[in-house]
């Protein structure tokens, strides 16, 4: 198992390197070994396959020995019924009235009457059935010549940013070719944000533009934040931040302001009215990788594994975070506790982005060992697994945007190596969809669990070229990862 875990760690690091804005020659060489490492991992997994192999996320060596011991003595098992789901300790202590928001099974006296539970189960079964029958048509948007790093939806437009330094605008109803190409950045585009219409109107009036003008913000490794007018296709303002911009968002409070994060961990606020720098804080030791706002509350995630929360009038109790692992992290920020939701059945699975739309939580899922990609759907607020969506030769999904059409159907955009528009088709229609909806039985039994309720097998991601260094492997296996993962995307609830 030691060599398997070592290969898995190397593949995780390669997966992180592949989506960086710039790479050194040494890092490019590491990426070139991906096919070789995948082949070796597949051979080892084939050798280890058999009655002793267990499904689900690979645990540490002690846990594996325990599983093998149990499987070698089946007569000691009283039954084959699954273990009862765990109850979050923090939620049990701080908010017993809301336990049903975080648990799949709770005693009747704690979650309401039997009739309410039956109604809830019936509604969930109906929702699950509808997603199992869902059909989507995929349309490829061709124009970028490098990885698409960010996407946002504005009315009937899709705006995408890429490592190729461009921001492109696509008209979704036609989607045959790009609507506008916004060139001006000299470094890879890392992030996009769309201010609400009322704030766009105030800026349009100040610039003597039409009240219908919509604006988009783009951040780049060239240290600039640019404000683009989509109708006229021009940059109307550029803010120089003195640091590579790695994340940004628009905060619609008061006159509005722009919050940016840098590769050095600095968080800055800029006035939407004057475009002057209002505040600058060294919030993190490493790069800011995600900024999200909900009302006056701003969450900043960093490559150092930390999340900082700003302002003091919060809305919502949980933050869903993706951070390049097989789980979705859930931060219960009021109590300072975390839990995790399984998003992949193998430790070689990674989650690059997470999105919330209505009562639906969507997490991207990519297997570093075989290159398979999918989207996992969960119902909110209970975070119950609904279905997985995939298609042949699906690429890794790094960014996601969603909205609904006038008829209530879903329309999504995903970015990565390919930029794709997803259009939901009527489930009762005869038109064949491009996407397969299926259920992963290994995720059906998974529930949210407190970080303190189970051992964390997230090892450090140091790339070790010496495959025979068993002493180093033993050292790594005994270390809990306190902050090697970075928060890539987050959404608030």
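Each residue, glycine too, has its Cβ placed from N, Cα and C.
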Candidate ranges 63-85, 86-108, 109-131 [criterion: TrEMBL lists as region 'Disordered']: 63-85
DSSP residue counts for the repeat 'WD' (281-311), split into helix, strand and coil: 0 helix, 19 strand, 12 coil
Contact set, same chain, for the repeat 'WD' (141-180): CB under 8 Å, 6 or more residues outside the stretch: 19, 21, 186-194, 214, 216, 218, 220, 222, 226, 228, 230, 233, 398-403, 411, 413-421
Helix, strand and coil counts within the repeat 'WD' (141-180) (DSSP): 0 helix, 21 strand, 19 coil
Confidence summary (mean pLDDT) of the repeat 'WD' (281-311): 85
